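S.K.: Quick paste of what Swiss-Prot says about this protein:
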BINDING   14, 15, 16, 17, 18, 19, 20, 21  ATP binding site
BINDING   188, 191  [4Fe-4S] cluster binding site
């Protein structure tokens, strides 16, 4: 039930391991930090990471007459979270489902979760363009969707897959809000200097080539990794870090669009 949700943002990646779930989680926390009520929906059925990243593993969800009730991270209900990870007994339990069952579960997540009034719903998707993505795009025809953010790393092999993701969005009619280049450079935890250990600016160049916004470049920062397993926002814990600066810019961009 998305009738109380004002804005829906989908987070995509062409390849796994680019930090999409971390970006989704920190984006949700940054929006909450900015005074918005936020929902975070994890539809990566085979690799749900959001419960771990927010330290919510072991949380139990229950159903009411209106559907599943999401997990709230605080008493004020400023961040609501839903994931298949809450339905698994153990984090290591695999989800061995064929396409139709995955489709049914995602439709339930999109239609049978009792979201309260939300300013933003962030949908964290699995990598690639699979049944999960097609189901989401079909459901978004019935519910207004602001668009998609694509997360990539600067290497050319990741950028090739991003091009496929861009084509997928165009064919399904989803607006592209921009590209985030993640893992671009390494921030030394001692001196905070940033060193490019991979190629750099691939996301910037691709955004320019396909004429969509480049939302920012996020480095590898061990200090940010330490925040995994908690509901602490980079904006609170590391306000002067490069990651915090980029997240502020993305939030400002989204707010301006919506």
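Residue numbers in this text run from 1 along the chain shown.
From the backbone N, Cα and C atoms, a Cβ is placed for every residue, glycine too.
I'm curious about the neighbourhood of these features; can you describe it?
M.R.: DSSP assigns residue 19 (ATP binding site) to coil in the three-state reduction, placing it in neither a helix nor a strand.
Reduced to three states, the DSSP call for residue 191 ([4Fe-4S] cluster binding site) is coil. All protein chains shown were included, and the count of other CB atoms within 10 Å of the CB of residue 191 ([4Fe-4S] cluster binding site) stands at 7.
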S.K.: Quick check: with 14, 15, 16, 17, 18, 19, 20, 21 left out, which same-chain residues have Cβ atoms within 8 Å of the centroid of the ATP site Cβ atoms?
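M.R.: Nearby residues not in the site list: 13, 127, 151, 152, 153, 158, 182.
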S.K.: How many neighbouring Cβ atoms, not counting its own, are there within 10 Å of the Cβ of residue 17 (ATP binding site)?
M.R.: 10
